[in-house]
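**Student:** I'd like to ask you about the structure that follows.
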């Protein structure tokens, strides 16, 4: 029999999450504190009763709510940011709709949060998929309904999550107070545009409650041997891999999030999931979290990633169209996500967060740095159901036929780009090869690589097709990376990897390569 809500007090997953939630457990039931319940009921009745019809008054109401859940008052800077956005930056018509309809509906959603949590734990038959803190080295999955995700994101918008203990648990900030505070004295319009994406999300989910599911998985590549499992491969293990390299396609335009084939879409992540999404950041990871806001919920319970960890999120819906990047980022309207649904009720959108070395300089040319990056990518690209196959693939160094014999029910590749190469300072040529090696070893059928018109990758398509034409294995490409990096570290070459690798006199048009 499945456990009922009467067993809530005994659940380890709930006990793990409860210190970081604004609700309380009494007996075997979840409740809002009475004062918070009263404030939410008033908000739910609309501005005629609550008097919340402006950003300034909303800030006061959120302070009252925070005090009711034993949190300090909203900071003056966050309160000023709320007032600035809803009273000055938002159009009067949109602001009227926000306070008359959206805020009351969000309050009603929060009033349902205790019931949504009880239902969640009731349906999670054991602790395996329940909402809990996934600490470092704690491999596992949290499976949430989109409605519960919306309620949790509303807690973040209203700044209701407890903050005590989050830093000690290596958890990022989750409340939106920093996002609104960053609007003050900020000349970059991108901050305002990020908030507009999130406001649009709340307008959408209060207009029509989403009915699907989203799963968040912490993936770990164990450093110590586990019975029957895969351990963190060393330099020699990669050198011995005789598996073939997968197909590699190069696209100079378009974006990872617009990938048409089913693939793991790489989030160029910070070790803290979400990076600067809820502060001033506005590059690849932060933009993805704005257009797919359900990703933000992972910041509630996913601790920072270690070198042997990755996070995969399946089912996050996209709600916004955008243009630009960094300071030029703009919200440009609604997006209707037509991605097919899988058997678990999730959109077949798979986003994998992997954090690259930050400002690696010389380390990226040392074997330890290369090993860290290839294992990080391999962890992210791996399929947890194939760990024993991966172990055999590393051990069966002389068997080139093992990879083709491995079949998959799903044709899921990798969609990526210049991971760790922007503000993190990585070498795009090296990073592209590392990701190709990792995807191939993870038995992914293809890599679709988006160069974002990076001039240093002009010859990427030529190089990859040359390598494929000559039938190189994973181990052979890895060997060349190690050799090149060794020479680069010793100052024996200052060429880029592609110029160093290609035979002398190999013309650019020698091979017919795919480049869009």
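Cβ coordinates come from backbone N, Cα and C, glycine included.
Predicted automatically and left uncurated, TrEMBL annotations should be read as such.
Sharing the features that TrEMBL gives for it:
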- 91-218: domain 'PARG helical' (DOMAIN)
- 236-458: domain 'PARG catalytic Macro' (DOMAIN)
- 267: active site (ACT_SITE)
- 270, 284, 325: substrate binding site (BINDING)
- 285: active site (ACT_SITE)
- 286: active site (ACT_SITE)
**Student:** Could you tell me which of these active-site residues, 267, 285, has the fewest other Cβ atoms within 10 Å of its Cβ?
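**Tutor:** Minimum Cβ neighbour count within 10 Å, taken over the active-site residues 267, 285, occurs at 285.
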**Student:** The record names 270, 284, 325 as the residues that bind substrate; what is their largest Cα to Cα distance in Å?
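**Tutor:** Binding-site diameter by Cα atoms for substrate: 17 Å.
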**Student:** Between residue 270 (substrate binding site) and residue 285 (active site), how many Å separate their Cα atoms?
**Tutor:** 8
**Student:** Is it possible to list how many residues within the domain 'PARG helical' (91-218) are helical, extended or coil according to DSSP?
**Tutor:** 67 helix, 13 strand, 48 coil
**Student:** So if I draw a 10 Å sphere around the Cβ of residue 284 (substrate binding site), how many other Cβ atoms end up inside it?
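**Tutor:** Other Cβ atoms within 10 Å of residue 284 (substrate binding site): 24.
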**Student:** Determine the Cβ neighbour count for residue 325 (substrate binding site): the number of other Cβ atoms within 10 Å of its Cβ.
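**Tutor:** Other Cβ atoms found within 10 Å: 16.
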**Student:** Between residue 285 (active site) and residue 267 (active site), how far is it from one CA atom to the other, in Å?
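**Tutor:** About 6 Å separates the two Cα atoms.
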**Student:** Could you measure between residue 325 (substrate binding site) and residue 286 (active site) for me? Cα positions, answer in whole angstrom.
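**Tutor:** Between the alpha carbons of residue 325 (substrate binding site) and residue 286 (active site) there are 10 Å.
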**Student:** In angstrom units, rounded to an integer, how far apart are the Cα atoms of residue 284 (substrate binding site) and residue 267 (active site)?
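**Tutor:** If we compare the Cα positions of residue 284 (substrate binding site) and residue 267 (active site), the gap is 7 Å.
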**Student:** Neighbour count, 10 Å Cβ-Cβ cut-off, for residue 286 (active site): what number do you get?
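**Tutor:** Result for residue 286 (active site): 21 neighbouring Cβ atoms inside 10 Å.
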**Student:** In whole Å, note down how far the CA of residue 286 (active site) lies from the CA of residue 267 (active site).
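**Tutor:** Here the two Cα atoms are 9 Å apart.
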